[in-house]
Amino acid sequence: MEVCGDLKSDNLKNRPLTPLRILRGLMILLVFLSTAFMFLLYFAPIAALGLRLLSVQQSRKVVSLIFGLWLALWPYLFETVNGTTVVFSGDIIPVEKRVLLIANHRTEVDWMYLWNIALRKGCLGYIKYVLKSSLMKLPIFGWGFHVLEFIPVERKREVDEPVLLQMLSSFKDPQEPLWLALFPEGTDFTEEKCKRSQKFAAEVGLPALSNVLLPKTRGFGVCLEVLHNSLDAVYDLTIAYKPRCPSFMDNVFGTDPSEVHIHVRRVLLKEIPANEAESSAWLMDSFKLKDKLLSDFNAQGKFPNQRPEEELSVLKCIATFAGVISLTVVFIYLTLYSHSCFKVYACLSGTYLTFATYYKFQPSPGCFREDSCKVKNH
């Protein structure tokens, strides 16, 4: 049963793509791309290179503060500008600094709605994703993914496991905030992928799931193996949309979705087996539950145990947009109309970001003396 299709039982409809929405969407794209570009050019060499050579922990704090400000534009766009309602259900989320988030992958923008949770809990700048490595090649955003230390994977176990182990080992400090997001299905849901998943499930004796794909368990196992003793909890999230699943451009133009429903199951680490085989079985059970939740959502139009969450402040939205845009205007002025040293700085910064992203270069204190920087051969 396809949850991404229109829900006939609701009166919600996708908003029409009017000329005004097109104009507003193009302006939003311009604002988001230009602000991301200038923030990365001017802040990344200072926060993610210079400061990181002195202290990785302090560098991460500054990166979180600066780029968390920019990331906040997205939840404000979704909820305050577009008028999308985010409906939470299930367990209440306390303010916790170290969590592993696992979620179903309905569409290409699921991961962006996790920011709506992190913003409310004061951890927006600390959220990191395990994502497919091809996304690191995106112009501008690839730089951002690298600076924010997202973990790129090839979806090949023999290649990905050493990368996961290496990068996760740098996040083991229990005093350092970390929201690590993982989509165990490994790809977004489509009917064709679902049929292939069901065929494979039948061949290996696993349950046939209709609304999610079979999860890949090893990545989850590695995350638990490395971080088990330092995490506060696992947030098991199930995401659904009304009236249909949005694309990235739907979000930009504000046509879809009208509602995002996020069901939360907060699980303590002691409730998840440490043994790899048993933790894999736990994850499989989690996705069987997601499948049932999504079937019920399709029939009833909601998840059980809906609960209120604070609304995002309009004043904070205005202040965030004003602050980010004002800084961007200053950076553009410095680059184009001020002393030539700013042009040189911008060029060197862009060169460094391109190099660092391509070679997965993350500096650390003393790395040039001890040859300990993380650089991968291509």
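Cβ atoms are placed via backbone N, Cα and C, with glycine included.
Database features (Swiss-Prot):
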MOTIF     105-110  motif 'HXXXXD motif'
TRANSMEM  26-46  transmembrane segment
TRANSMEM  62-82  transmembrane segment
TRANSMEM  317-337  transmembrane segment
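Residues of the motif 'HXXXXD motif' (105-110) grouped by DSSP class, helix first, strand second and coil last, total 1 helix, 0 strand, 5 coil. Within the same chain, residues 28, 31-32, 35-36, 39, 43, 47-48, 51, 112-113, 115-116, 119, 124-127, 144, 147-148, 177, 251, 254, 260, 311-312, 314, 316-317, 320-321, 323-324 sit at least 6 positions outside the transmembrane segment (62-82) and bring their C-beta atoms closer than 8 Å to a C-beta of that stretch.
The average pLDDT for the motif 'HXXXXD motif' (105-110) in the predicted structure is 95. Distant neighbours of the transmembrane segment (317-337): 31, 34-35, 38-39, 41-42, 69-70, 72-73, 76, 80-81, 343, 346; these residues of the same chain sit at least 6 beyond its ends, with a Cβ under 8 Å from one of its Cβ atoms. With a cut-off of 8 Å between Cβ atoms, the residues of this chain six or more beyond the motif 'HXXXXD motif' (105-110) that come close are 3-4, 183, 185-189, 213, 239-241, 245-248, 250-251.
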